[in-house]
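First up is the structure itself, then whatever we jot down about it.
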Amino acid sequence: MVSPAAPDLTDDLTDAELAADLAADAGKLLLQVRAEIGFDQPWTLGEAGDRQANSLLLRRLQAERPGDAVLSEEAHDDLARLKSDRVWIIDPLDGTREFSTPGRDDWAVHIALWRRSSNGQPEITDAAVALPARGNVVYRTDTVTSGAAPAGVPGTLRIAVSATRPPAVLHRIRQTLAIQPVSIGSAGAKAMAVIDGYVDAYLHAGGQWEWDSAAPAGVMLAAGMHASRLDGSPLRYNQLDPYLPDLLMCRAEVAPILLGAIADAWR
């Protein structure tokens with residue numbers, strides 16, 4: 001088992017800076033776990049990555065934001081979070097299958113902070129998505145831009161989808177739109193492919209949990225891009241049931257086109 005050094009307390013960091021630091025720290029640990037355990041037993045590797053990254057993040061959040069609640073994929077869901085004004089929604093290892101496969105770099109670490117606002121519009125205010133196997137690059141709400149994405153609406157829309165579970169609605173909207181499906185692993189890697197301009201959209205309709213999309217959605221919206229349910233309604237977080245049935249993340253200019261095609265497909 002990798003035993004990371006005790007982290008320095010960083011109480012002076014802003015929430016956005018802390019999110020980025022947590023994502024990078026967990027990413028470094030996951031790379032160490034990968035190197036130490038190897039790929040001979042994928043289940044053992046994935047379990048170790050999930051568990052150790054989760055322990056690191058929970059330990060740091062307890063030390064550095066002791067009054068905040070946490071919703072993690074790898075921890076018991078303490079429903080006291082429903083009364084909290086600040087909830088960290090984290091996925092210590094997004095894409096366990098990809099993490100456990102040699103040569104795959106499309107896995108991520110998700111860190112998001114949900115805050116209850118006084119105007120009745122709670123939202124993800126700070127978030128970071130790390131792609132550890134790609135140089136541990138971290139996409140963060142306080143610095144992200146959409147500059148890498150191409151301008152305008154392309155003739156063919158490149159849409160990131162699951163390699164194993166492509167959404168059925170995709171086949172229906174292909175009747176009216178020119179679409180090129182692009183298979184990418186984890187949810188975070190798919191969403192950041194939109195930020196990087198590698199794809200135009202990320203569409204999912206097979207069901208997810210809040211930790212799968214909270215950080216990617218926060219980063220997307222901070223970059224001026226679009227993130228919603230497939231019917232165009234907002235993505236809601238810190239709900240009693242953290243299940244989210246579907247989502248669309250895309251460049252802002254293609255959102256009306258895709259939402260319209262999806263609505264037509266459902267009629």
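Note that Cβ sites are derived from N, Cα and C of the backbone, with glycine treated the same way.
Features reported for this protein in Swiss-Prot:
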| type | residues | note |
| --- | --- | --- |
| BINDING | E73, D91, L93 | Mg(2+) 1 binding site |
| BINDING | E73, L93, D94, G95, T96, D212 | substrate binding site |
| BINDING | D91, D94, D212 | Mg(2+) 2 binding site |
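Features as recorded by Swiss-Prot, highlighted on the structure.
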residue	record	DSSP class
E73	Mg(2+) 1 binding site	coil
D91	Mg(2+) 1 binding site	strand
T96	substrate binding site	helix
D212	substrate binding site	helix
Determine the minimum-neighbour residue: among E73, D91, D94, D212, listed as binding-site residues, which Cβ has the fewest other Cβ atoms within 10 angstroms?
E73
Among the binding-site residues L93, G95, T96, whose Cβ has the fewest other Cβ atoms within 10 Å?
T96
Using the recorded Mg(2+) 1 site (E73, D91, L93) as reference, state which further residues of the same chain have their Cβ within 8 Å of the centre of those residues' Cβ atoms, listed in sequence order.
D50, A53, N54, S72, E74, I90, P92, D94, T96, V109, H110, W211, D212
With an 8 Å cut-off on Cβ distance to the D91, D94, D212 Cβ center, who else from the chain surrounds the Mg(2+) 2 site?
E73, L93, G95, A108, H110, S186, A187, G188, Q208, W209, W211, S213, A215
